[in-house]
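The repeat 'PPR' feature in TrEMBL is assigned to 90-124, 125-159, 195-229, 230-264, 300-334, 335-369, 405-439, 440-474, 475-509, 674-708, 709-743, 744-778 (among others).
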Amino acid sequence: MGCFISMLNRLVQDHQFAKADHVRILMIKACRNEDELKQAMSYFNEISGTGFEFTLYSFNTLLIQLGKFDMVFVAQDVYYKMLNSRIRPSLLTFNTMINILCKKGRVQEAELVLSKVFQYDMCPDVFTHTSLILGHCRNGNLSAAFKVFDRMVMEGCDPNSVTYSTLINGLCNDGRVDEALDMIEAMIEKGIEPTVYTYTVPITSLCEAGRVNEAIELVGSMRKRGCILNVHTHTALISGLSRAGKLEIAIGIYHKMLRNGLVPSTVTFNALINEFCAGGRFGVALKIFYWMEGRGMSLNVQTYNEIIKGFCLLGDVEKAMVLFNKMLKAGPPPTVVTYNTLINGYLKLGNKNNSIRLLELMKESGCEPDEWTYSKLISGCCEGGKLDLASSLFYEMEKRGISPNQVCYTAMISGYCTAGKLDIALTLFEKMEESGCHPSVETYNAILSGLSKDNRFSEAEKTCIKMAEQGLQPNVITYTSLIDGLCRNGRTELAFKIFHEMEKRNCSPNLYTYSLLIYGLCLEGKADDAEGLLEEMEGKGLVPDEVTYTSLIDGFVMHDRLDHAFLLLRRMINMGCKPNYRTLCVLLKGLQRESKLLTEKAAAQHEAVYNCSSDERCTNFEVLCNFLTRLSENGCDPTVDTYSTLVTGLCREGRSWEASQLMENMKERGLCPNQEIYDSMLVSHCKNLELDHALNIFNKMTIRVLEPRLSIYKALICALCSASRVEEAQNFFKSMLEKEWNNDEIVWTVLVDGLLKQGQVDPCMSLLHIMEARNCILNSHTYLILARELSKLDKSIETYEISDQVKKDID
């Protein structure tokens, strides 16, 4: 820019205005953005008093460039300045101004410019008419667009490919793709060749409508006419094919695109990422994402949201939070969808604290929570039994002007029913009706479930009548809720009557219905009948799950029929149903009782002398070994999954000694512990302050390249601080900061939910100072959380220190 200014200064000073005008035109064309063009115009204004006036050519060039950067208001000022000068506008002047206005849909203003065309005795050309058609299409006024088209034909002005393409685009945007296809045929008949742009928009529309085969046919027609596909056409096909479940063909087109020398755009990659995620191929989507990121390609918010959603579905919210952090730092800014996805991710992991913190972060960032945000949070809190928190969210939602929907009311009602607070649930039910929010079948089902479990069947019957009066038909969950209550209260016979009634009403029982009846029969000691019911449900195409099998196995264990229980376990495993810890505990309980009976029998035979272990842990481990032996005897050799289920469950119960012995046992069998086993063992050792064992496991994980989660670092750091090994804790914390975790999440998890929960204020502050020394930026809301938690511990000095940091952040 400076070079042009120097040349112009010299030429204007020498009054070489013709050459200066040429340089001015070059300077205008050289502007790469709005700022550079504004700078150039500011300079032109400075030298305007030297007698160096704008020519028609320089005026037109400036208008064209202003249109290029969508500087509509500035273009209008230049246009009026030109009209008030001695320069006579050309048709190009008027056409440029009409096009600038029409691109923004400002047709009325464009028609005023058109009137000037006639005032200057000029005739509109194809560009003029096409611009007006574009303006009407941008406004969705297709009838007006076609009137302009008909008028231009009547006036003898032949439409060109741009005119047809503009109308075709307008029809596609209006969902009239078939008319757009007819128009392509019409233009070909008139000898006007469609361009790649003409074809691309209908191809995109066909793909979006799921008419992929027709889109492919149109591509074939396009190629026959010698029209080469561009990046946009390929992208439309890739996206359309992917959505239609033809991902392999989409990948083939992507590779063909590369072979043809076309460089995929960000839109192409984003389309692939979105569809790979939707198709469940998250690993492939992630590779593309990181490839794009490594090359500095721009990633849109939808792509970030898809990858964040993928991580959350895998239960890896920590990695999702890393991406969230990148969005906060460099953009694109997180949307309500981003926050909702992360909140839901935390809720699925049972981490309600962080989900609430994200809500606060969301509000502070100016991103308004919506109905979905509150619905998910309220449902999650109710499912976790946090009814007070759910209730406060419910009322906060109302205060923010968001009316609670059926999902919110139903979640709250269900939560109170589950907690046995039926009266509160019924009061809320009345409030729901009074507020104009009509209860759904699901709402009635929640009430019926609560009443049935509380043995209040007369009230449940009245509720069923009320439900019918509201025109709501009972569904499988309605009947199952009643069956659940009856089975739990030992009224299996009546439960079967309801079961047969639902079948008469063509309401097919589901897996849960059968599981409850099997459970009810087993409680009454009718395990053989329950097994017969299992055969019946399988005959109807229902596949038993771990709940069904566990209830049945428990039924046989309760009647000391362990051999049959193990046969059922084998059947369960062979059917691909993975036993959970509850299933295995039922069998272990049976083996323990069997062992106790044998011990008592042997003791009775030998009276005073009987060699038995006095260590309960050893006895329990013997039962575990017996269980593993019985598994092998039944053709189900223990797998890594078996050990993982046992070790994780034992660690949750605080039985780390037995878990450690099991870990050694699996190694003897040539099996390697998985991450779940290592995580459980490490956390268990940390709880017991068995730090050398915990550190040994951590080192083994590192050797095996198993990435410890944030919760593992939290457990280790808290345990080290509790054992006064603060320096080691600091070293672990420093190594943790070298990873890409979200800084706020580190504070929430390690400092707040870890150290401060244990009352460890000084170590917490030392770790916070480490973060600050490393310029780890925290959100002001995170500082407020810290201040609030510190104030609970009555540590006023540190609280003020944190509060000061909050003030600095706000300033």
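Each residue, glycine too, has its Cβ placed from N, Cα and C.
Below 8 angstroms of C-beta separation, residues 266, 269-270, 273-274, 277-278, 282, 285-286, 289, 341-342, 344-346, 348-349, 351, 354, 365, 367, 709-710, 740-745 of the same chain, each at least six residues beyond the ends of the repeat 'PPR' (300-334), sit close to that stretch. Listed by sequence, the residues of this chain that lie at least six past the ends of the repeat 'PPR' (90-124) yet keep a Cβ under 8 A from its Cβ atoms are 56, 59-60, 63-64, 66-67, 70, 72, 75-76, 79, 82-83, 131-132, 134-136, 138-139, 141, 144, 152, 155, 157. DSSP places the residues of the repeat 'PPR' (674-708) in helix, strand and coil in these numbers: 26 helix, 0 strand, 9 coil. By the Cβ criterion (distance under 8 Å, sequence gap of 6 or more), the repeat 'PPR' (744-778) is counted as touching the repeat 'PPR' (335-369), at least 3 such pairs being found. The repeat 'PPR' (335-369): residue composition by secondary structure is 26 helix, 0 strand, 9 coil, according to DSSP.
Per-class residue totals from DSSP over the repeat 'PPR' (440-474), listed helix then strand then coil: 26 helix, 0 strand, 9 coil.
Within its own chain, the repeat 'PPR' (405-439) has Cβ neighbours under 8 Å at 371, 374-375, 378-379, 381-383, 385, 387, 390-391, 394, 397, 446-447, 449-451, 453-454, 456, 470, counting only residues six or more beyond its boundaries. Each residue of the repeat 'PPR' (709-743) gets a DSSP state, and the totals for helix, strand and coil are 26 helix, 0 strand, 9 coil. Below 8 angstroms of C-beta separation, residues 318, 321-322, 324-325, 679, 682-683, 686-687, 689, 691, 694-695, 698, 749-750, 753-755, 758, 760, 763, 766-767, 770-771, 774, 776-778, 782 of the same chain, each at least six residues beyond the ends of the repeat 'PPR' (709-743), sit close to that stretch. Under DSSP, residues within the repeat 'PPR' (230-264) fall into helix, strand and coil as 26 helix, 0 strand, 9 coil. Taking DSSP states H, G and I as helix and E and B as strand, the repeat 'PPR' (405-439) has 26 helix, 0 strand, 9 coil. Mean pLDDT for the repeat 'PPR' (440-474) in the predicted structure: 89.
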